[in-house]
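One structure below.
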Amino acid sequence: MPAQQKKIIFCIAGVLSFACALGTAAAIGTQLWVKGTILCKTGALLVNATGQELEKFIGKIQYGLFYGERVRQCGLGGRPFQFSFFPDLLKIIPASIHVSVILFCTVLIIFALVGAGFFMFNAFGSPYETLHGPIGLYLWSFIACSCGCLIMILFSSEVKIHHLSEKIANFKEGSFTFKTHSEQFANSFWIILVCSLVHFLNALLIRLAGFEFPFSKSKDSGTSTGAVDLMY
């Protein structure tokens, strides 16, 4: 592939990596990871509410990695309550999983920025043979993509398996019991999915630029060692 086309491909991949880093950083600071509704089970059972009457006992909840908000409905109108994971909910949530999600988000941002820098370096600079070259580009893209997948797996398990929404809804509730009525992942969660797909796409762009995968060696690699030494 001509050098000019390689530069264009590397520039596109670098811009995509940088956009993913910004998107992940923005997603961490929002409370748009999960949206749902919660049912005041105790209140609904007391009046034996059915059908449209249940709407008076269905509140709302949304939260992210650091904070969120719930609106409890127990037949007397909505009462909003804002909460923070640290330190308010630290005792009732799976703290190890939650901290791991935040940690992998940080790693994703770092390696997305590193990948963007090396893509631009290979586009406009003189690429090195090791970490600055194709092996490094595959490495940064693979790490960033893996972190994105781990974030989605861990956070999904925290929400679905450990019933995070119900734990938050019943936080500091003595006589009332709340149950998750509906629940869906919101924009910030899907941003992580898009970022993972983008880093996978970057690996394909590297291959499109003419670089072999670092685990495969051509048959004439031994004969071309002298030419490579001259290039670098």
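Using the three backbone atoms N, Cα and C, a Cβ is placed for every residue, glycine included.
Copied over from TrEMBL:
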type	residues	note
TRANSMEM	97-123	transmembrane segment
TRANSMEM	135-155	transmembrane segment
TRANSMEM	189-209	transmembrane segment
Long-range neighbours of the transmembrane segment (135-155), counting only residues six or more past its ends (CB under 8 A): 13, 17, 20, 33, 97, 100-101, 104-105, 107-108, 111-112, 114-115, 118-119, 122, 128, 189, 192-193, 195-196, 199-200, 202-203, 206, 211, 213-214
Same-chain residue ranges lying at least 6 outside the transmembrane segment (97-123) that approach it to Cβ under 8 Å: 6-7, 10-11, 13-15, 17-18, 20-21, 24-25, 27-28, 65, 85, 131-133, 136-137, 140-141, 143-144, 147-148, 150-151, 154-155, 157-158, 162, 192, 195, 199, 202
